[in-house]
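Copied over from TrEMBL, here are the features:
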type	residues	note
REPEAT	11-104	repeat 'Solcar'
REPEAT	114-200	repeat 'Solcar'
REPEAT	212-307	repeat 'Solcar'
Amino acid sequence: MVGYDPEAKCVSTAEAAAAGSASGFVTRVLVSPLDVIKIRFQLQIEQLSSKSPGAKYHGILQAVQCIFQEEGFRAFWKGHVPAQFLSVGYGAVQFMAFESLTKLVHNVTSYNARNSFVHFVCGGLAACTATVAVQPVDTLRTRFAAQGEPKIYRNLHHAVVTMYQTEGPRTFYRGLTPTIIAIFPYAGLQFSFYNILQQFSEWVIPAEGKKGGNVKNLVCGSCAGVISKTLTYPFDLFKKRLQVGGFEHARVAFGQVRMYRGLLDCVRQIMREEGPGGFFKGLSPSLLKAAVSTGLIFFWYELFCSLLCALKSPDSTVRKVG
């Protein structure tokens, strides 16, 4: 299972980072289209309905058709290069930090490293560390996914230079405050619920029926992703709105644009103009993405850890998966 296990001393900190990077890379390739749709929904001021005047996107299927017709198939992977840097870097730092923190808790406190509360705290702290490390790349990813045609940024280098010269270095950390506020409980709940669901499945499924460990990891991860995303979703929306600040000229073709002075101003404007429902724009593709991505992240991470253990010593006990 994910996290330090004194009975299965197999994966080192460096190997946890490698497994986290690999799982992030594979998962990003598969979920990028959902991420692009989610970001487009989050940035739309108008209601996500065909009855709303000026609304560009009405639903998932309509958005897929619209993006495909106007921008082509490759548009679903807009911002994929910075997104891959984000996924690989985030996965490495997050899982490396999580394994290290759970090991530290086991060695210096009386708490059990397999405790769900320990996983909540360590998962939140690990995610905060990873977020600060990759926030500039996340901002670049959002800008690329948000821009339409013609493109404002030709490539990653052009985007970095342009943003730095026109908006300054602080622009790469736009939206960091709501991200940190949201990521601790979001990631903490992910790791905590994944641990709870794994323990529950071990209790429900008899020993002779535990051959489908990889499928169980996928299901437990997906459920953990949906629960945690639902509970923390508004902060993800605030982050996306703040990240495109100063980028309004590239959003004109998508409908209305807004400028926010900060997190509280963003909350006030959304509440006033879009109502409570505005805090959950893009929730459907976001939940779909959370179910797929979180399930795959844990699935691939556990699988890569097992493979690394097997490669290190064919005769050693492979790290218990699930």
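Using N, Cα and C of the backbone, Cβ positions are placed for all residues, glycine too.
All annotation found in TrEMBL is predicted automatically rather than curated by experts.
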Go ahead and report the DSSP secondary structure tallies for the repeat 'Solcar' (114-200): helix first, then strand, then coil.
73 helix, 0 strand, 14 coil
Determine how many residues of the repeat 'Solcar' (212-307) DSSP places in helix, in strand and in coil.
79 helix, 0 strand, 17 coil
Return the average pLDDT for the repeat 'Solcar' (11-104) as a whole number.
87
Give the residue counts of the repeat 'Solcar' (11-104) per reduced DSSP state, in the order helix, strand, coil.
73 helix, 0 strand, 21 coil
